[in-house]
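Student: OK, Swiss-Prot features for this one:
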DOMAIN    4-169  domain 'EngA-type G 1'
BINDING   10-17, 57-61, 120-123  GTP 1 binding site
DOMAIN    178-353  domain 'EngA-type G 2'
BINDING   184-191, 231-235, 296-299  GTP 2 binding site
DOMAIN    354-438  domain 'KH-like'
(Lines of atoms letter the chains of each structure in order from A and count residues from 1; the text may use other names and numbers.)
(Lines give C-alpha, C1' and ligand atoms only; values in the text may rest on other atoms or scores of the structure.)
Protein backbone atom coordinates (compact mmCIF):
# COMPACT_ATOMS: atom_id res chain seq x y z
CA UNK A 1 0.00 0.00 0.00
CA UNK A 2 1.29 3.49 -0.81
CA UNK A 3 2.33 5.95 1.87
CA UNK A 4 -0.40 8.41 2.90
CA UNK A 5 -0.03 12.01 1.75
CA UNK A 6 -0.50 14.91 4.16
CA UNK A 7 -0.82 18.42 2.68
CA UNK A 8 -0.28 21.71 4.53
CA UNK A 9 -2.57 24.58 3.47
CA UNK A 10 -2.74 28.13 4.82
CA UNK A 11 -2.40 31.86 4.23
CA UNK A 12 1.02 33.41 3.58
CA UNK A 13 3.11 34.02 6.70
CA UNK A 14 1.13 31.76 9.04
CA UNK A 15 4.19 29.54 9.47
CA UNK A 16 3.67 26.73 6.94
CA UNK A 17 7.35 26.51 6.03
CA UNK A 18 8.42 26.57 9.68
CA UNK A 19 6.04 23.71 10.48
CA UNK A 20 7.17 21.82 7.38
CA UNK A 21 10.86 22.19 8.21
CA UNK A 22 10.33 21.34 11.88
CA UNK A 23 8.40 18.15 11.10
CA UNK A 24 10.89 17.07 8.47
CA UNK A 25 13.95 17.81 10.59
CA UNK A 26 16.90 16.03 9.05
CA UNK A 27 14.71 13.43 7.36
CA UNK A 28 14.89 15.04 3.92
CA UNK A 29 17.33 12.72 2.19
CA UNK A 30 19.69 14.43 -0.20
CA UNK A 31 20.68 11.82 -2.78
CA UNK A 32 24.36 12.57 -3.22
CA UNK A 33 24.81 10.43 -6.32
CA UNK A 34 21.92 12.05 -8.14
CA UNK A 35 23.40 14.80 -10.28
CA UNK A 36 20.95 17.07 -12.05
CA UNK A 37 18.16 16.63 -9.51
CA UNK A 38 17.60 19.81 -7.51
CA UNK A 39 15.70 18.92 -4.38
CA UNK A 40 12.81 21.28 -3.75
CA UNK A 41 11.53 21.42 -0.20
CA UNK A 42 8.00 20.92 -1.50
CA UNK A 43 7.70 17.39 -0.15
CA UNK A 44 9.52 15.18 2.34
CA UNK A 45 9.19 11.82 4.04
CA UNK A 46 8.14 11.96 7.71
CA UNK A 47 7.76 9.22 10.32
CA UNK A 48 5.61 9.35 13.46
CA UNK A 49 4.91 6.38 15.75
CA UNK A 50 5.81 3.83 13.05
CA UNK A 51 3.62 5.63 10.51
CA UNK A 52 5.47 6.82 7.42
CA UNK A 53 3.89 9.50 5.26
CA UNK A 54 4.72 12.10 2.64
CA UNK A 55 4.33 15.70 3.79
CA UNK A 56 3.56 18.29 1.10
CA UNK A 57 3.82 22.07 1.44
CA UNK A 58 1.23 23.42 -0.99
CA UNK A 59 2.25 27.06 -0.52
CA UNK A 60 4.11 28.62 -3.43
CA UNK A 61 4.49 32.32 -4.14
CA UNK A 62 3.25 34.70 -1.48
CA UNK A 63 1.61 37.63 -3.28
CA UNK A 64 0.73 40.92 -1.61
CA UNK A 65 -2.86 41.74 -2.49
CA UNK A 66 -5.81 40.18 -0.71
CA UNK A 67 -7.61 39.04 -3.87
CA UNK A 68 -4.54 37.22 -5.16
CA UNK A 69 -3.93 35.69 -1.73
CA UNK A 70 -7.45 34.24 -1.64
CA UNK A 71 -7.15 33.00 -5.22
CA UNK A 72 -3.84 31.34 -4.44
CA UNK A 73 -5.19 29.80 -1.22
CA UNK A 74 -8.05 28.31 -3.20
CA UNK A 75 -5.54 26.73 -5.57
CA UNK A 76 -3.60 25.38 -2.59
CA UNK A 77 -6.79 23.94 -1.14
CA UNK A 78 -7.71 22.45 -4.50
CA UNK A 79 -4.39 20.67 -4.95
CA UNK A 80 -4.56 19.43 -1.35
CA UNK A 81 -8.11 18.14 -1.80
CA UNK A 82 -7.09 16.45 -5.04
CA UNK A 83 -3.96 14.69 -3.83
CA UNK A 84 -3.95 14.32 -0.04
CA UNK A 85 -5.32 11.74 2.38
CA UNK A 86 -5.22 14.24 5.26
CA UNK A 87 -5.10 18.07 5.15
CA UNK A 88 -3.47 20.30 7.77
CA UNK A 89 -5.17 23.72 7.60
CA UNK A 90 -2.89 26.25 9.26
CA UNK A 91 -3.99 29.57 10.76
CA UNK A 92 -2.34 32.30 12.86
CA UNK A 93 -3.60 33.15 16.35
CA UNK A 94 -1.93 36.58 16.27
CA UNK A 95 -3.66 37.65 13.05
CA UNK A 96 -6.88 36.04 14.23
CA UNK A 97 -9.68 34.64 12.10
CA UNK A 98 -9.86 36.37 8.71
CA UNK A 99 -12.28 36.16 5.79
CA UNK A 100 -10.01 34.11 3.53
CA UNK A 101 -9.67 31.48 6.28
CA UNK A 102 -13.44 31.09 6.34
CA UNK A 103 -13.73 30.78 2.56
CA UNK A 104 -11.02 28.14 2.31
CA UNK A 105 -12.51 26.29 5.31
CA UNK A 106 -15.77 26.06 3.33
CA UNK A 107 -13.93 24.43 0.42
CA UNK A 108 -12.15 21.98 2.70
CA UNK A 109 -15.37 21.07 4.52
CA UNK A 110 -17.10 20.20 1.24
CA UNK A 111 -14.23 17.93 0.22
CA UNK A 112 -15.08 15.30 2.85
CA UNK A 113 -11.34 14.83 3.44
CA UNK A 114 -10.03 14.74 7.03
CA UNK A 115 -8.97 18.31 7.93
CA UNK A 116 -6.80 19.05 10.97
CA UNK A 117 -7.18 22.70 12.02
CA UNK A 118 -3.89 24.02 13.42
CA UNK A 119 -3.57 27.44 15.09
CA UNK A 120 0.07 28.56 15.03
CA UNK A 121 2.09 31.12 17.03
CA UNK A 122 0.51 30.10 20.35
CA UNK A 123 3.52 30.96 22.49
CA UNK A 124 1.64 30.46 25.75
CA UNK A 125 -1.04 27.76 25.77
CA UNK A 126 -2.31 28.98 29.13
CA UNK A 127 -2.78 32.65 28.18
CA UNK A 128 -3.81 32.35 24.52
CA UNK A 129 -6.40 29.54 24.56
CA UNK A 130 -9.39 31.96 24.49
CA UNK A 131 -8.00 33.30 21.19
CA UNK A 132 -7.56 29.74 19.89
CA UNK A 133 -11.21 28.90 20.67
CA UNK A 134 -12.29 31.62 18.21
CA UNK A 135 -11.26 29.25 15.40
CA UNK A 136 -14.09 26.85 16.31
CA UNK A 137 -16.17 29.30 14.23
CA UNK A 138 -14.63 27.85 11.06
CA UNK A 139 -16.80 24.77 11.58
CA UNK A 140 -14.11 22.21 10.75
CA UNK A 141 -13.55 20.77 14.20
CA UNK A 142 -11.27 21.27 17.15
CA UNK A 143 -8.41 23.76 16.70
CA UNK A 144 -5.00 22.40 17.72
CA UNK A 145 -2.71 25.07 19.23
CA UNK A 146 0.96 24.90 18.26
CA UNK A 147 4.10 26.99 18.16
CA UNK A 148 6.01 25.93 15.05
CA UNK A 149 9.04 27.99 16.05
CA UNK A 150 9.23 26.44 19.54
CA UNK A 151 8.04 23.01 18.36
CA UNK A 152 5.18 22.95 20.86
CA UNK A 153 1.99 20.95 20.33
CA UNK A 154 3.33 18.81 17.48
CA UNK A 155 2.59 15.48 19.20
CA UNK A 156 -1.14 16.08 19.47
CA UNK A 157 -1.34 17.24 15.85
CA UNK A 158 0.60 14.24 14.52
CA UNK A 159 -1.46 11.82 16.63
CA UNK A 160 -4.59 13.28 15.05
CA UNK A 161 -3.07 13.15 11.55
CA UNK A 162 -2.09 9.46 11.70
CA UNK A 163 -5.46 8.51 13.22
CA UNK A 164 -7.02 9.36 9.84
CA UNK A 165 -4.70 7.24 7.71
CA UNK A 166 -6.57 4.64 5.65
CA UNK A 167 -6.23 1.05 6.75
CA UNK A 168 -4.83 -1.44 4.25
CA UNK A 169 -7.67 -3.58 2.91
CA UNK A 170 -7.70 -7.08 1.47
CA UNK A 171 -8.47 -5.65 -1.96
CA UNK A 172 -5.29 -3.56 -1.78
CA UNK A 173 -3.26 -6.73 -1.27
CA UNK A 174 -5.05 -8.76 -3.90
CA UNK A 175 -4.81 -6.18 -6.69
CA UNK A 176 -1.78 -7.39 -8.62
CA UNK A 177 -2.44 -5.32 -11.74
CA UNK A 178 0.59 -3.23 -12.74
CA UNK A 179 -0.01 0.39 -11.73
CA UNK A 180 1.63 2.87 -14.08
CA UNK A 181 1.88 6.62 -13.38
CA UNK A 182 2.19 8.86 -16.43
CA UNK A 183 4.39 11.76 -15.26
CA UNK A 184 6.08 14.73 -16.87
CA UNK A 185 5.93 18.48 -17.34
CA UNK A 186 2.63 20.12 -18.33
CA UNK A 187 1.70 19.85 -22.02
CA UNK A 188 4.06 17.02 -23.00
CA UNK A 189 1.15 14.76 -24.00
CA UNK A 190 0.48 12.64 -20.89
CA UNK A 191 -3.32 12.51 -21.29
CA UNK A 192 -2.99 12.08 -25.05
CA UNK A 193 -0.94 8.93 -24.52
CA UNK A 194 -3.58 7.43 -22.21
CA UNK A 195 -6.39 8.44 -24.57
CA UNK A 196 -4.61 6.83 -27.51
CA UNK A 197 -3.97 3.63 -25.54
CA UNK A 198 -7.65 3.48 -24.62
CA UNK A 199 -8.81 4.16 -28.19
CA UNK A 200 -6.35 1.83 -29.84
CA UNK A 201 -7.26 -1.23 -27.85
CA UNK A 202 -11.04 -0.96 -28.19
CA UNK A 203 -11.72 -2.73 -24.90
CA UNK A 204 -13.88 -2.05 -21.87
CA UNK A 205 -12.28 0.78 -19.94
CA UNK A 206 -13.39 1.49 -16.42
CA UNK A 207 -12.74 4.71 -14.55
CA UNK A 208 -11.93 3.71 -11.02
CA UNK A 209 -12.15 6.42 -8.37
CA UNK A 210 -9.10 6.36 -6.10
CA UNK A 211 -9.94 4.87 -2.72
CA UNK A 212 -8.80 7.90 -0.76
CA UNK A 213 -8.11 10.57 -3.36
CA UNK A 214 -9.98 12.23 -6.18
CA UNK A 215 -7.57 11.05 -8.88
CA UNK A 216 -9.16 8.93 -11.58
CA UNK A 217 -7.35 5.79 -12.66
CA UNK A 218 -7.96 4.17 -16.02
CA UNK A 219 -7.88 0.39 -16.33
CA UNK A 220 -6.99 -0.91 -19.80
CA UNK A 221 -6.99 -4.54 -20.90
CA UNK A 222 -4.36 -5.56 -23.45
CA UNK A 223 -3.72 -9.12 -24.63
CA UNK A 224 -5.91 -10.44 -21.82
CA UNK A 225 -4.09 -8.55 -19.05
CA UNK A 226 -5.24 -5.44 -17.14
CA UNK A 227 -3.05 -2.42 -16.50
CA UNK A 228 -3.98 0.60 -14.37
CA UNK A 229 -2.79 3.98 -15.65
CA UNK A 230 -2.63 6.95 -13.27
CA UNK A 231 -2.72 10.32 -15.04
CA UNK A 232 -1.14 13.41 -13.48
CA UNK A 233 -2.26 15.86 -16.17
CA UNK A 234 -3.75 19.27 -15.51
CA UNK A 235 -5.29 20.95 -12.52
CA UNK A 236 -9.02 21.56 -12.61
CA UNK A 237 -8.30 25.26 -12.30
CA UNK A 238 -5.22 26.34 -14.23
CA UNK A 239 -2.86 28.64 -12.38
CA UNK A 240 -1.60 31.62 -14.34
CA UNK A 241 1.57 31.74 -12.27
CA UNK A 242 4.42 29.67 -13.75
CA UNK A 243 6.01 28.85 -10.38
CA UNK A 244 2.68 27.62 -9.01
CA UNK A 245 2.16 25.44 -12.09
CA UNK A 246 5.55 23.85 -11.56
CA UNK A 247 4.94 23.33 -7.84
CA UNK A 248 1.49 21.82 -8.38
CA UNK A 249 2.90 19.60 -11.12
CA UNK A 250 5.47 18.24 -8.67
CA UNK A 251 2.85 17.70 -5.95
CA UNK A 252 0.61 15.78 -8.34
CA UNK A 253 3.60 13.73 -9.46
CA UNK A 254 4.49 12.77 -5.88
CA UNK A 255 0.89 11.72 -5.23
CA UNK A 256 0.69 9.59 -8.39
CA UNK A 257 4.13 8.01 -8.03
CA UNK A 258 3.39 6.97 -4.43
CA UNK A 259 0.58 4.78 -5.75
CA UNK A 260 2.40 3.35 -8.77
CA UNK A 261 4.74 0.43 -9.45
CA UNK A 262 6.17 2.03 -12.58
CA UNK A 263 6.44 5.63 -13.76
CA UNK A 264 6.45 6.62 -17.43
CA UNK A 265 8.28 9.93 -17.75
CA UNK A 266 6.95 11.67 -20.86
CA UNK A 267 9.45 14.01 -22.54
CA UNK A 268 8.61 16.39 -25.39
CA UNK A 269 10.90 15.50 -28.30
CA UNK A 270 10.60 19.02 -29.69
CA UNK A 271 11.98 20.53 -26.45
CA UNK A 272 14.56 17.90 -25.57
CA UNK A 273 15.31 16.70 -22.05
CA UNK A 274 15.33 19.54 -19.49
CA UNK A 275 16.21 20.22 -15.86
CA UNK A 276 12.51 20.05 -14.98
CA UNK A 277 12.36 16.58 -16.57
CA UNK A 278 15.27 15.55 -14.33
CA UNK A 279 13.51 16.96 -11.26
CA UNK A 280 10.35 14.97 -12.01
CA UNK A 281 12.34 11.82 -12.84
CA UNK A 282 14.07 12.13 -9.47
CA UNK A 283 10.72 11.77 -7.68
CA UNK A 284 10.22 8.29 -9.15
CA UNK A 285 13.89 7.33 -8.80
CA UNK A 286 14.01 8.23 -5.09
CA UNK A 287 10.94 6.10 -4.44
CA UNK A 288 12.45 3.06 -6.13
CA UNK A 289 9.88 2.83 -8.92
CA UNK A 290 10.36 1.22 -12.29
CA UNK A 291 10.97 3.84 -14.97
CA UNK A 292 10.22 4.14 -18.68
CA UNK A 293 11.21 7.32 -20.52
CA UNK A 294 8.72 7.94 -23.33
CA UNK A 295 9.94 10.55 -25.82
CA UNK A 296 6.65 11.85 -27.24
CA UNK A 297 5.96 13.86 -30.44
CA UNK A 298 8.65 11.84 -32.22
CA UNK A 299 6.70 12.27 -35.46
CA UNK A 300 7.43 16.04 -35.28
CA UNK A 301 11.20 15.55 -35.39
CA UNK A 302 13.28 15.64 -38.56
CA UNK A 303 15.35 12.49 -38.39
CA UNK A 304 18.41 10.86 -39.87
CA UNK A 305 20.15 7.58 -39.04
CA UNK A 306 21.82 9.12 -35.96
CA UNK A 307 18.84 10.95 -34.41
CA UNK A 308 17.73 8.23 -31.98
CA UNK A 309 21.33 7.52 -30.96
CA UNK A 310 22.04 11.22 -30.27
CA UNK A 311 18.76 11.77 -28.40
CA UNK A 312 19.36 8.65 -26.28
CA UNK A 313 22.83 9.87 -25.33
CA UNK A 314 21.42 13.27 -24.35
CA UNK A 315 18.87 11.58 -22.09
CA UNK A 316 21.55 9.40 -20.51
CA UNK A 317 23.75 12.44 -19.87
CA UNK A 318 20.99 14.53 -18.29
CA UNK A 319 19.42 11.63 -16.37
CA UNK A 320 22.68 9.86 -15.56
CA UNK A 321 21.41 8.91 -12.09
CA UNK A 322 18.87 6.54 -13.68
CA UNK A 323 20.80 4.92 -16.49
CA UNK A 324 18.76 1.76 -15.88
CA UNK A 325 15.58 3.38 -17.32
CA UNK A 326 14.01 1.97 -20.46
CA UNK A 327 13.72 4.51 -23.32
CA UNK A 328 11.05 4.46 -26.02
CA UNK A 329 10.30 6.95 -28.82
CA UNK A 330 6.55 7.37 -29.36
CA UNK A 331 3.84 9.53 -30.86
CA UNK A 332 0.53 9.98 -29.06
CA UNK A 333 -0.82 11.54 -32.27
CA UNK A 334 -0.11 8.57 -34.57
CA UNK A 335 0.09 5.82 -31.96
CA UNK A 336 3.65 4.98 -33.04
CA UNK A 337 5.20 2.34 -30.70
CA UNK A 338 2.63 2.96 -27.93
CA UNK A 339 1.71 -0.72 -27.65
CA UNK A 340 5.36 -1.48 -26.85
CA UNK A 341 4.67 0.19 -23.47
CA UNK A 342 2.84 -2.92 -22.29
CA UNK A 343 5.79 -5.14 -23.16
CA UNK A 344 8.15 -2.83 -21.25
CA UNK A 345 5.83 -2.71 -18.23
CA UNK A 346 5.68 -6.52 -18.09
CA UNK A 347 9.45 -6.73 -18.42
CA UNK A 348 10.00 -4.21 -15.60
CA UNK A 349 7.51 -5.93 -13.27
CA UNK A 350 9.52 -9.14 -13.75
CA UNK A 351 12.75 -7.25 -12.96
CA UNK A 352 11.23 -5.56 -9.90
CA UNK A 353 10.13 -8.89 -8.42
CA UNK A 354 13.23 -10.92 -9.33
CA UNK A 355 14.95 -12.66 -6.40
CA UNK A 356 18.60 -13.74 -6.57
CA UNK A 357 19.71 -16.70 -4.40
CA UNK A 358 22.26 -15.65 -1.78
CA UNK A 359 24.84 -18.17 -2.99
CA UNK A 360 24.71 -16.90 -6.58
CA UNK A 361 24.80 -13.29 -5.37
CA UNK A 362 27.95 -13.88 -3.35
CA UNK A 363 29.71 -15.52 -6.29
CA UNK A 364 29.17 -12.26 -8.19
CA UNK A 365 30.35 -10.28 -5.15
CA UNK A 366 33.54 -12.35 -4.78
CA UNK A 367 34.40 -11.87 -8.46
CA UNK A 368 33.70 -8.12 -8.25
CA UNK A 369 35.92 -7.66 -5.17
CA UNK A 370 38.72 -9.67 -6.82
CA UNK A 371 38.58 -7.42 -9.88
CA UNK A 372 38.49 -4.15 -7.92
CA UNK A 373 39.54 -3.75 -4.30
CA UNK A 374 37.14 -1.98 -1.92
CA UNK A 375 38.16 1.52 -0.77
CA UNK A 376 40.31 2.20 2.28
CA UNK A 377 40.73 5.15 4.62
CA UNK A 378 43.68 5.87 6.95
CA UNK A 379 45.08 2.40 6.41
CA UNK A 380 41.80 0.58 7.08
CA UNK A 381 40.19 -1.20 4.13
CA UNK A 382 36.50 -1.90 3.65
CA UNK A 383 35.67 -5.60 3.90
CA UNK A 384 32.42 -6.94 2.46
CA UNK A 385 31.65 -10.24 4.18
CA UNK A 386 28.56 -11.21 2.22
CA UNK A 387 25.40 -9.90 0.58
CA UNK A 388 21.79 -11.02 0.58
CA UNK A 389 18.58 -9.82 -1.07
CA UNK A 390 15.98 -8.77 1.49
CA UNK A 391 13.07 -7.45 -0.60
CA UNK A 392 11.64 -6.66 -4.04
CA UNK A 393 9.92 -3.63 -5.62
CA UNK A 394 12.61 -2.36 -5.75
CA UNK A 395 15.15 -5.19 -5.41
CA UNK A 396 16.97 -4.41 -2.17
CA UNK A 397 20.26 -5.92 -1.04
CA UNK A 398 22.02 -5.82 2.33
CA UNK A 399 25.82 -5.84 2.35
CA UNK A 400 27.46 -6.86 5.63
CA UNK A 401 30.71 -4.94 6.08
CA UNK A 402 33.39 -4.36 8.71
CA UNK A 403 32.87 -0.58 8.92
CA UNK A 404 29.96 1.35 7.39
CA UNK A 405 32.04 4.55 7.49
CA UNK A 406 34.36 3.05 4.87
CA UNK A 407 31.59 2.48 2.32
CA UNK A 408 31.43 4.87 -0.62
CA UNK A 409 28.61 5.32 -3.11
CA UNK A 410 31.01 4.92 -6.05
CA UNK A 411 31.99 1.41 -4.92
CA UNK A 412 28.36 0.54 -4.23
CA UNK A 413 27.59 1.72 -7.77
CA UNK A 414 30.37 -0.57 -9.03
CA UNK A 415 28.78 -3.56 -7.23
CA UNK A 416 25.38 -2.55 -8.63
CA UNK A 417 26.79 -2.50 -12.16
CA UNK A 418 28.22 -6.02 -11.72
CA UNK A 419 24.82 -7.27 -10.53
CA UNK A 420 23.07 -5.61 -13.46
CA UNK A 421 25.55 -7.16 -15.90
CA UNK A 422 24.69 -10.59 -14.51
CA UNK A 423 20.93 -10.32 -13.99
CA UNK A 424 19.69 -7.33 -16.00
CA UNK A 425 17.25 -5.49 -13.74
CA UNK A 426 16.48 -3.18 -16.69
CA UNK A 427 13.96 -0.49 -15.91
CA UNK A 428 14.13 -0.75 -12.12
CA UNK A 429 16.29 0.90 -9.52
CA UNK A 430 18.25 -1.25 -7.06
CA UNK A 431 18.76 -0.33 -3.41
CA UNK A 432 21.66 -1.21 -1.15
CA UNK A 433 21.78 -1.16 2.65
CA UNK A 434 25.15 -1.40 4.42
CA UNK A 435 25.19 -3.14 7.79
CA UNK A 436 28.14 -3.46 10.12
CA UNK A 437 29.19 -6.88 11.35
CA UNK A 438 32.11 -7.67 13.60
CA UNK A 439 34.67 -10.04 12.12
CA UNK A 440 34.08 -12.66 14.83
CA UNK A 441 30.33 -12.87 14.17
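Heads up, residue numbers simply count up from 1 along the chain you see.
Note that Cβ sites are derived from N, Cα and C of the backbone, with glycine treated the same way.
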Student: Identify, in sequence order, the residues in the chain of residue 232 (GTP 2 binding site) that are 6 or more apart from it along the sequence and have a CB within less than 8 Å of its CB; answer 'none' if there are none.
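Tutor: Expected: 181, 182, 183, 184, 190, 249, 252, 253, 255, 256.
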Student: Quick one: of 10, 13, 16, 58, 122, which binding-site residues lie within 10 angstroms of residue 187 (GTP 2 binding site), measuring between C-alpha atoms? Sequence order, please.
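Tutor: Those near residue 187 (GTP 2 binding site) - Cα within 10 Å - do not exist; the answer is none.
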Student: For residue 187 (GTP 2 binding site), just count the other CB atoms lying within 10 A of its CB, please.
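Tutor: Residue 187 (GTP 2 binding site): 13 neighbouring Cβ atoms within 10 Å.
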Student: Which state, by DSSP, holds residue 232 (GTP 2 binding site): helix, strand or coil?
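Tutor: Looking at the DSSP assignment, residue 232 (GTP 2 binding site) belongs to neither helix nor strand, so coil.
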Student: Restricting to the domain 'EngA-type G 1' (4-169), report the mean pLDDT as a whole number.
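Tutor: PLDDT averaged over the stretch: 79.
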Student: Could you state the CA-to-CA distance between residue 58 (GTP 1 binding site) and residue 298 (GTP 2 binding site) to the nearest Å?
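Tutor: For residue 58 (GTP 1 binding site) versus residue 298 (GTP 2 binding site), the Cα atoms are 34 Å apart.
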Student: Measuring Cα to Cα, how far is residue 16 (GTP 1 binding site) from residue 298 (GTP 2 binding site) in Å?
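Tutor: Their Cα atoms are separated by 42 Å.
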Student: Per DSSP, residue 10 (GTP 1 binding site) is which: helix, strand or coil?
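Tutor: Assignment for residue 10 (GTP 1 binding site) reads strand.
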Student: Go through 13, 58, our binding-site residues, and report the one whose Cβ sees the most other Cβ atoms within 10 Å.
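Tutor: For the binding-site residues 13, 58, the Cβ with the most other Cβ atoms within 10 Å is 58.
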Student: Find the one among the binding-site residues 10, 13, 122 whose C-alpha lies closest to that of residue 298 (GTP 2 binding site).
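Tutor: Closest recorded candidate to residue 298 (GTP 2 binding site) by Cα: 10.
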Student: Check each residue in the chain of residue 122 (GTP 1 binding site) that is at least six apart in sequence and keep those whose C-beta is under 8 Å from its C-beta; list them in sequence order.
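Tutor: Set apart from residue 122 (GTP 1 binding site) by at least 6 residues yet with Cβ under 8 Å, we have 93, 128, 129, 131, 132, 145, 146, 147, 152, 153.
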Student: Residue counts in helix (H, G, I), strand (E, B) and coil for the domain 'KH-like' (354-438), per DSSP?
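Tutor: Counts, helix then strand then coil: 32 helix, 25 strand, 28 coil.
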Student: Give me the count of other Cβ atoms within 10 A of the Cβ belonging to residue 298 (GTP 2 binding site).
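Tutor: Cβ-Cβ neighbours of residue 298 (GTP 2 binding site) within 10 Å number 22.
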